[in-house]
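Notes for the one structure printed next.
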Amino acid sequence: MHRAVDPPGARAAREAFALGGLSCAGAWSSCPPHPPPRSAWLPGGRCSASIGQPPLPAPLPPSHGSSSGHPSKPYYAPGAPTPRPLHGKLESLHGCVQALLREPAQPGLWEQLGQLYESEHDSEEATRCYHSALRYGGSFAELGPRIGRLQQAQLWNFHTGSCQHRAKVLPPLEQVWNLLHLEHKRNYGAKRGGPPVKRAAEPPVVQPVPPAALSGPSGEEGLSPGGKRRRGCNSEQTGLPPGLPLPPPPLPPPPPPPPPPPPPLPGLATSPPFQLTKPGLWSTLHGDAWGPERKGSAPPERQEQRHSLPHPYPYPAPAYTAHPPGHRLVPAAPPGPGPRPPGAESHGCLPATRPPGSDLRESRVQRSRMDSSVSPAATTACVPYAPSRPPGLPGTTTSSSSSSSSNTGLRGVEPNPGIPGADHYQTPALEVSHHGRLGPSAHSSRKPFLGAPAATPHLSLPPGPSSPPPPPCPRLLRPPPPPAWLKGPACRAAREDGEILEELFFGTEGPPRPAPPPLPHREGFLGPPASRFSVGTQDSHTPPTPPTPTTSSSNSNSGSHSSSPAGPVSFPPPPYLARSIDPLPRPPSPAQNPQDPPLVPLTLALPPAPPSSCHQNTSGSFRRPESPRPRVSFPKTPEVGPGPPPGPLSKAPQPVPPGVGELPARGPRLFDFPPTPLEDQFEEPAEFKILPDGLANIMKMLDESIRKEEEQQQHEAGVAPQPPLKEPFASLQSPFPTDTAPTTTAPAVAVTTTTTTTTTTTATQEEEKKPPPALPPPPPLAKFPPPSQPQPPPPPPPSPASLLKSLASVLEGQKYCYRGTGAAVSTRPGPLPTTQYSPGPPSGATALPPTSAAPSAQGSPQPSASSSSQFSTSGGPWARERRAGEEPVPGPMTPTQPPPPLSLPPARSESEVLEEISRACETLVERVGRSATDPADPVDTAEPADSGTERLLPPAQAKEEAGGVAAVSGSCKRRQKEHQKEHRRHRRACKDSVGRRPREGRAKAKAKVPKEKSRRVLGNLDLQSEEIQGREKSRPDLGGASKAKPPTAPAPPSAPAPSAQPTPPSASVPGKKAREEAPGPPGVSRADMLKLRSLSEGPPKELKIRLIKVESGDKETFIASEVEERRLRMADLTISHCAADVVRASRNAKVKGKFRESYLSPAQSVKPKINTEEKLPREKLNPPTPSIYLESKRDAFSPVLLQFCTDPRNPITVIRGLAGSLRLNLGLFSTKTLVEASGEHTVEVRTQVQQPSDENWDLTGTRQIWPCESSRSHTTIAKYAQYQASSFQESLQEEKESEDEESEEPDSTTGTPPSSAPDPKNHHIIKFGTNIDLSDAKRWKPQLQELLKLPAFMRVTSTGNMLSHVGHTILGMNTVQLYMKVPGSRTPGHQENNNFCSVNINIGPGDCEWFAVHEHYWETISAFCDRHGVDYLTGSWWPILDDLYASNIPVYRFVQRPGDLVWINAGTVHWVQATGWCNNIAWNVGPLTAYQYQLALERYEWNEVKNVKSIVPMIHVSWNVARTVKISDPDLFKMIKFCLLQSMKHCQVQRESLVRAGKKIAYQGRVKDEPAYYCNECDVEVFNILFVTSENGSRNTYLVHCEGCARRRSAGLQGVVVLEQYRTEELAQAYDAFTLAPASTSR
């Protein structure tokens, strides 16, 4: 179908691939960075005639060029074969395809097709065919090596560029398939639900491009209007090969979707012809049109490529700036198992018209490009052809590609593990790199939306990850979409950040990619089957929601939304897509076992779902550029809008495989909310991810029963039960078709889909909700109505009620009512799977973590369930719930809802979007009429009030919900209105009766169980009965939300997990029960309405569900105990909580103003208790100074010395004889030696008045004062040495003279040495040389080495010294300083910086007199300073001893002789005066003791209050210590842990406020030895989140500010760049890893 992805070197990094080159026969030509004129995109002839011979390549705009060097020149890689005649191979090709159309499960034919393509060096198509052969049972031993060889060849070609430019001799398999399948479509057109299947549009129709397209290089222009693409190649029109994704069904308004065509090939275009000329056309907007598989497949490759070298195509697939020929859709995509060739996938993704200047090649090569240039939409939009249109244009992508992708989606999702290349399809994150391949236009246009696979994620992932779905990789293997960086709220911002910030901080590695123009919002448009991409969950009604989400959702919901006008209905989130995949029964493929997922996918599934990675799982089928469609939906803030939906998804992805983690590293991800993986953690505790033993088996049985029930329901609904669809076909179809197929049908599918189908399932589920979905997978796709038509009445689309339900569920996202009974699940065959995934968290993909697994499971719900109880557990209830009232894929809706809230810059505010959604839902409900609901059992009715899913519906009702919704009569609508009113009343009533009703409901449910002998699942939502649960769900806003919350209460964007979690379904119940308990009527249940309303009222809440099996007699009861995850208030956090709890609570916290919580807990204080009330006698006011006399070196290294010095009760310790015992050579610090070593070294000089040490007189000498004169100046060591020497000589001279005078006047006894007791009135001026820096290790090497002889705790540097963990130099603290003194030199009173300890050694020859006061009295001394008009922290003051004594403050006073070491303990207030000529050396030490740490933090906070700089960045130091030191002291551990806790809270609160405000946050990791940052204005430490401005607009000087100062400069932070130095995941990991170490026994 598509040419193999270009090898890394094949094209210029920034070169985009021209879609025109995609024409089946035309030579491949790379597109210029911008989309070429539409002509370039014109598809080759679609008729069989054109298939035989390649049409002339569409004229490329001058800019189109394949050569990396010259875009305007066609470039053929050296040695690339030129187009050759097909000879007779076309006939063989047609014959094989025709045979496969009849029966896809013919591995021999697939292998033959592969050989045909291989003979023509079309490794992409050959690989797809071989993969399909494997899917259908081909010999892996034989095909595996071939695939590996082809992939190697592709990779090589990709690097050489040969295959990229080589014209395809044989038409792409997808083209042929589509053309031949047209006949089938014509026959079954009506079934598909769209207008009768169109014949493939003639090439001319497709080729003609509006002049705009031709002229516009932008992706939008490049993409021709939907009509053009539709005509050219409607994926929907043409059947797709089994392996190919199903084209999304057109979104025509025809009321009844035509019966689904027979399932030709799994991937065949069972979807209606691509009728969405405008509406239905596959467009970036209608990402849905593309089959999930394709969507998933193409984008995934790109994404994956970036991440995994193994991927054959490291570069992003060429982006088709113009509409690629529709027929060019990924026809060759392997129908089944094998992932699509990466190249194909990449080709499959059209660049969503990328604005000029945004080159994909750039994205590939440059990180910025990957991150920012590649728009998530672009990635998602990647389709073999130009599936996505510019955001504003209708999708150009052909339906066929869509269908093909959908078909393949499943299989692609679960490529055979053994198949080489499976690795390629790894994660959306990987895809991102691939998406880089897309033409710039693709990226640009798609930026708003992710590729189907990444569609949802793309929102979160502005960068590449979102754009192309990762190549199909084993479902389990495929990592979920990029995690953290995909966060919903930040998604959009993230995307923008990626571009803007990258440009700002990383520089645009390529021409900046203009943000893709927002796709026109289509209110009514439920994208074509974008099921794959739940991303599109957003409704058209939620334009604020990023377009990307809409696209996904439209794809997934295309079927369900098709008929319903509910543009508002959001498309199911990725999780749903996954589900949809699951529903289709499919034989386990090598990659996926029916029981594959041990729930592994579940965890991944949720995460992947957001990025549409679920779809990606689909054997690399190309994703629709569905994300573009979302973009269309929200043109205003495509980037931002998308961000939010992906946010939830991205969150889910966080837990996803590391691959995703890589993505977060991107700049764009900077914007993501805390890390992706973490978010998952934050969202869901591991315990919730584990199902009880034996649950997997139970779930299998439930799946089977659900499948049967679904089939029955489908029949009842008037829709033929979806044929099992040959397993291969089903597998292929499952990506989208799965919706129609019971979720439970294929455990294997579930596994594969779990990961990738999460998104697909979401979409699928919506489809399933509609009766038509029961038809083969293609029909579900076909079902999707044109996005623009919100009211299409086609039967296949869900009724407005179902759509509303979906929307409600989506909005509710995380809060799903889990009907314990499986009946609800079984009620809807299709919806069931959907329901399972319906919990796609809106913004809480992250929240889904616990749920994320569940949604995944749901995505492949039942199958997955059987294989992994986890999945099935969540899936069943969700399915049921969905069926009942949330039928419209709630998940998608949830993502939609979250996106609006998440979207920061979106056109509308979150509240506005939610309000709009709520109104839309009500309208839908009214339209639909609630006839079905009314018939529902009373209990059901009550329950529906809370959650439509919970209510039991008669089989008829179930049918109606499943497919009859569209046909709801006017009376039904009236009833719905009435029901809505009832819902409101119930909601209010529930608030009052939440406590009682749950139990009553439970009792009723239990009573029912005995009556029903079939297995039944009782949903216990926090002790809520089904009724109560429903009601509570209806009123998510209720405080009772905690109970019903799981189903009803919307999960907070950050906590989407509940949506998935609630899904831990009770196993599905037999069809009979399902019908009985089927969720409310097709009309939206009150619960759904309430959910929607509640969503608008606030974020959904998380809900955890556990399935408990209860056996009694012949009955097996499954109690889905929904453990409502109580929201932790930030104030309730303690150090016992994990980082996930901290992040979650902090994100949900609402803080007014600045976050000012202390880093210290008063309860942790270790200060000694000193009785200050007792009046001390005079002798105690002069206590003896703690002293130690060292007699040997052994004494110096005794632990007792450390304990004595650091004892909080000893403010100061003098160690006598230290130099002698350690044999320190103090001569190294003598003035003479210093002058010789560096005589020109700077010395700070303090000019003072010489006075007695215990006195401090004013200038008049009449009274003592506290202020101390000490003016500052500078000189050199040599000059000060001269002054010191001369001062000494003068002193000697004066001494001699005084002696002579004494001898002459022996009677005189009043004389006193001037130096010791100068007359205050003499004002003898002296100079004190201080703060001489000896930090230069080279210059002062001998001196510093001598100090290494000291005990470890006294050394300048040691592991036990906090100052050694600062990471940078702090002069005078973690470096040595020298003081040169003359008699009278004073060191005024002070406490050391941040209350750290200090070491001072007197070098001699003179003495120093010390005064010290315990830290306990510092406040009293500070008060004295204030009274005397001197600043305690920064001023020079000399205490009046009498004042201290009068205040009952004991003062330690002693003399320090040469060789004595003084240890100043933490916080000790001290002042020193030299009594002789001497030098001193000193430095600070921060022993790791609780006392030291407490005092350091106290002073840190006090400095902030006093606007004084804390020289020691305590928060920075605390994190460094936590990462590098093992703490065994419980008190110290608690203090540090608490500090980290507060730091994380501060970061999260600050981050969330910025994200909510729409401010982009760029990630800029720290580098080695990078200093801590301080605010340029207030000198407060700025940790992690920096507010940077450029000084005077200069690029050379950047200033860091704290948030307060930055906002003072600009309230809206205009002109301020916000940088993030640590990802939330990094901090969380350090936080959780910091544990109390066992105490050492060495002592």
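In case you wondered, yes, glycine gets a Cβ from its N, Cα and C as well.
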Among Lys959, Lys1043, Lys1104, Lys1109, residue with annotation SUMO2 cross-link (source: Swiss-Prot): Lys1109
Listed as phosphoserine by Swiss-Prot, one of Ser224, Ser564, Ser860: Ser224
Swiss-Prot Fe cation site partner of His1390, Glu1392, selected from His1274, His1323, His1470: His1470
Under 8 Å by Cβ from Cys1578 (Zn(2+) binding site), same chain, sequence gap 6 or more: Asn1507, Cys1602, Gly1604, Cys1605
Overall pLDDT for the domain 'JmjC' (1339-1502), taken as the rounded mean: 96
Additional residues surrounding Fe cation, by Cβ distance to the His1390, Glu1392, His1470 centre under 8 Å: Thr1387, Gly1389, Gln1391, Ser1398, Ile1464, Thr1468, Val1469, Trp1471
Nearest recorded site to Cys1575 (Zn(2+) binding site) by CA-CA distance, among recorded positions Lys1109, His1390, Glu1392, His1470: Glu1392
Shell of the Zn(2+) site beyond Cys1575, Cys1578, Cys1602, Cys1605, same chain only (C-beta within 8 angstroms of their C-beta centre): Tyr1574, Asn1576, Glu1577, Asp1579, Val1580, Val1582, His1601, Glu1603, Gly1604, Ala1606
Shortest C-alpha distance to Lys1109 (SUMO2 cross-link) - which of the binding-site residues His1390, Glu1392, His1470: Glu1392
Per DSSP, three-state class assigned to Cys1605 (Zn(2+) binding site): helix
Number of other Cβ atoms within 10 Å of the Cβ of Lys1109 (SUMO2 cross-link) across all protein chains: 21
Local Cβ density at His1470 (Fe cation binding site) - other Cβ atoms counted within 10 Å: 23
Three-state secondary structure, which DSSP defines for Cys1575 (Zn(2+) binding site): coil
Number of Cβ atoms other than its own within 10 Å, given for Cys1575 (Zn(2+) binding site): 20
